[in-house]
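Notes for the one structure printed next.
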Amino acid sequence: MNVDLESLAEATSGAIGSLISTTFLYPLDTCKTKYQADARSNGRTRYRNLTDVLLEAISNGQVLSLYQGIGTKNLQSFISQFVYFYGYSYFKRLYLDKSGYKSIGTKANLVIAAAAGACTAIATQPLDTASSRMQTSAFGKSKGLLKTLTEGTWSDAFDGLSISLLLTSNPAIQYTVFDQLKQRALKNKQSKADKGTSPESLSAFMAFLLGAISKSIATCLTYPAIRCKVIIQAADSDEANSKTKIKSQKTVSNVLYGIWKREGIVGYFKGLHAQILKTVLSSALLLMIKEKISATTWVLILALKRYLLLPTRRVKNL
């Protein structure tokens, strides 16, 4: 069986990086998700800001509930990043082999990233839906993974899939913006370094800064879809007037109209600052950890391959 070890190493290191960053930032993610899912009803909202979510957990003695659903989230995060990094690396190598090019262009890179993102969204959508329902449940009342998924129909497990596919444009926008900013930064460095060597890469700090800027721009442009997805996937309210909530409206168009009617245009960007903070920190941690362990992962996979092939060689020699 021929396995693409380079893609496997990329996928494994990316998945481990995602697992660690998700665990570390999970309380922030829970507060962000509950705040985003809070839809105004009768002119009132439950949370005025992100801090209110944290204070509610503390006042009710449910601080540990900030971690409700972390097992499902970690499983979804690990699988999604593994599928994405493996798919991206595999599609990229396949494109280079078939086209004969030595490098990949911007347009082809965007298409490959979108294809890998679509595969990831389809493969992990039920886990994503279950995770959102667990996080948005009342503190201390979150249910298990199987019970959460079996509460509704099988199609309910794929709530928000269309938006998830739409949101594959987020990394495409991020990459395009990052590439343009990177070219300008390197051009400015090259113009200042006429005498010496021309710079070929960005510094670690500059790469982080441009990555944060590009991710923030991509998040701002796609945020209405992000909040719409959270509301669709959120757990049903236990309150008596829950039928007036936006959550009861399952279609994307109805959710968008509900936000407009109850909260106005500002409602489309509720929780944007928390989303940017969490996303930028998560991406930075993921890439930093991935870069640190990628070499080690590659060595371990090669060692495992040799160990598995060793018995076969001995049998042949006998």
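Glycine is treated like the rest: Cβ placed from N, Cα and C.
The repeat 'Solcar' annotation in TrEMBL covers 5-94, 104-184, 202-296.
As a whole-number mean, the pLDDT of the repeat 'Solcar' (104-184) in this prediction is 84. DSSP assignment over the repeat 'Solcar' (5-94) gives 72 helix, 2 strand, 16 coil.
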